[in-house]
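Report on one structure; see the data block that follows.
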């Protein structure tokens, strides 16, 4: 049993390691920096370059790619060479201090300088030292002597310029260049004020005595060749575990450690990607030797020359020669067999055509059945009977929805919940929408569903996700909404895809927008609507962090002559109104409770229900109310939002949240009152002070009773804020 466990563990680690070495870049990686293409194994961000080796990490600043901080990349190939620019090091003569010099060092990590580079010194009466640091330290250099300017067209042979070949050990992780000059430089300083030491690719620097000795023609960086490879092991050592992709092969690096990849003959591309090596079409690129009498046909990795019927290919000249003709045998049997085959094919094609027509008719009938079953006829009748109005419901087809979601591809899923699955859809006009595919529901509720579609399509509020239309030709109806790009409030507060950077101003504004939206739905919509599933996951944020209330799948319409409905309890734990949960009676105060939980989340940054918290504080409401009662609100408020200037606003918001989450619904304020109080929190301190002195005047101006806790009246001041708030709620947009 123990041996079996060890064997399984060994297989697990082997697979994990194989996955690591086979790692591939993300699909969204940046592929260019300025004019330089960036190909894997190099990359610009984490997950885009070969993992575990920062030598492949490219930093892109001002459209210039750099590797290892001070080496600018010009280009690189897949065979293990990188061409880059590195700065020179300089020493200048100064009469005060004799010398003013700088030395430069370069970090190499897993890169190494190619033997095709030369270490070069330009200057008179100077010498330069190259030092490497690693397991083996290495030093070399050269000296240049001259008291007068060298003659024009001089070579770099030790007079005004010297160069040397270097063989830098592979284990070197750092290289330093340092030029120096002799002490007495008065004889040369007028034509050679400074000396320069640098690496340069062989053939990329030609010494010009007068110009270079003066200022090196103002060149500050020189091209060099660097060698790179994958890891430290050979192809034999990593057989089956290298990162070479399909149609490629592994070869040992020429620098003595690691390996590189190359595409097989007949293929081209990036051999380090899983399918980077693609077939070369020799026929279209004219990389073939077929004669004019033969036809080139491309094959995978190669090609062949095809001769016309009646001729054969001469493999020496690759031309076509006539084939000796023979009289056909059994011509009668061939004719019979050919006729039988053709007849059989005609029968098969006819049967296939009939089956296709029957399948098309069946699908059409099924779509029509679903359309009627989902209330399509009722919807068309209601739309035609409504006459000219602001109802704008578009009925989409099943084919259009399938095409928009790429066949309901899992990669298009934006989210999943109790009400269904939401897909990202791209319509034929390239507009992006959110398509909600509901779960199978109660067929008896079709009329109510159609009513909700009609009512929701009339909601024209800037903080409600707009319903664009629906598709009724599927087994379950599809709803099409406008697409909101920046995720949900839950993602911003708790998710890993966003940094929690919402300021108090952002959070207060979001709370005001959501409260105003719910007040609009409760009080000013043509038919009052109770959302029934208010939570941070159903509040979307656009690119400006403007709140958009979404997911009305659980919503219910309240007839004008009723204040509440008896329904099957539905909602999300942590946000669910306890009174509604116990009685099944749904009214607008259920949304007030859920909004209070959302407000607590905005204030605390904590989840509504968290099993990682202690049992007594597992539910955010009890946790929050307890902190308020024990006067330790500061312990639960998110540290990113509270400061000395907004403590009063946060305390007032916390009080409103507690009022909204009272156990008895009748003790909770209405959303209209909540929206007014939250809007008032943005009033300046002077207005707050005025309202503290004249609370009756404030109450008269606001037109609503101010909420209070334990006799402490909250001032909301600002003589016109209620009118503004009411206008926002009533008009929507």
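Note that Cβ sites are derived from N, Cα and C of the backbone, with glycine treated the same way.
Looking up 137, 409 in Swiss-Prot for N-linked glycosylation site, the annotated residue turns out to be 137. Residues 110, 544 are shown; Swiss-Prot lists N-linked glycosylation site for one of them, 110. Looking at 218, 723, Swiss-Prot tags one of them with N-linked glycosylation site, and that residue is 218. For the ranges 331-351, 352-372, 373-393, 415-435, the feature annotated in Swiss-Prot as transmembrane segment maps to 331-351. In terms of local Cβ density within 10 Å, 232 ranks first among the glycosylation sites 77, 206, 232. Residue 218 (N-linked glycosylation site) falls within a helical segment according to DSSP.
Counting neighbouring Cβ atoms within 10 Å of each of the recorded positions (314, 572), the lowest count belongs to 314. Non-local neighbourhood of residue 137 (N-linked glycosylation site): 131, each in the same chain, at least six residues away, with C-beta under 8 Å from its C-beta. Residue 232 (N-linked glycosylation site) carries neither a helix nor a strand DSSP state and counts as coil. Non-local contacts of residue 397 (phosphothreonine) by the CB criterion (under 8 A, 6+ apart in sequence, same chain) comprise 471, 473. In the three-state DSSP scheme, residue 481 (phosphotyrosine) is classed as strand.
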